[in-house]
């Protein structure tokens, strides 16, 4: 039996998704929860191996097991810390969460202070469609041509929510796109320079660095014919935990904001 789990996690608590020795990772936390629950499994595959600091609202992992308890999200939620299982569905035996994905949706939360929001929006449109993203990724030997299906800039007041959807992404691609949009909004990078970079014409010394990982959220992984109904009790627990963290962080944010007014 193969079961796909839709999971959320606070990426600031982990050294990335993929299991590594001597550090806390999302994959390691899930495996520990499976073992502590007494659930035997053969393999665990993920849709996205997010970097250190990157959070998720809808990453997907597939687990092969004969233990029916895995279909109840609360079994693992009772053992997990900083990770939440929101949904569990049975899938075909050949399902692979990465290769079966139709698209992934990422959202970046960028502080909008001093930014020309209209310039950010204008620059964002340049990334739509098929381009060479070698200037906007950490090159690891893979083909650098990718296609962005959708990019939106939502003005939320103190922050911009920049949402990007594509079938596949390169390493650090979203974070480098966001940094480029920020530089455009600050007037430090022109639209023409961005166009040249998207044609693969750039000096390595001028390559745009990535925006901080902590602002990035993997919102959703989409599949054809596979839905993830959210478990009521799992959602209740997740919201309660998130609201507690939000209250703590917003109090600290306002404290820092007040200190800037001296």
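Placed from the backbone N, Cα and C atoms, the Cβ positions cover glycine too.
Listed features, source Swiss-Prot:
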| type | residues | note |
| --- | --- | --- |
| ACT_SITE | 51 | active site, nucleophile |
| BINDING | 106 | substrate binding site |
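Contacts of the residue listed as 'substrate binding site' defined by a Cβ separation under 8 A and a same-chain sequence distance of 6+ are given as 163, 164, 165, 169, 174, 216, 217, 218, 219, in order along the sequence. Same-chain residues at least 6 positions away in sequence with a Cβ under 8 Å from that of residue 51 (active site, nucleophile) are, in sequence order, 16, 17, 171, 172, 213. DSSP assigns the residue listed as 'substrate binding site' to a strand segment in the three-state reduction.
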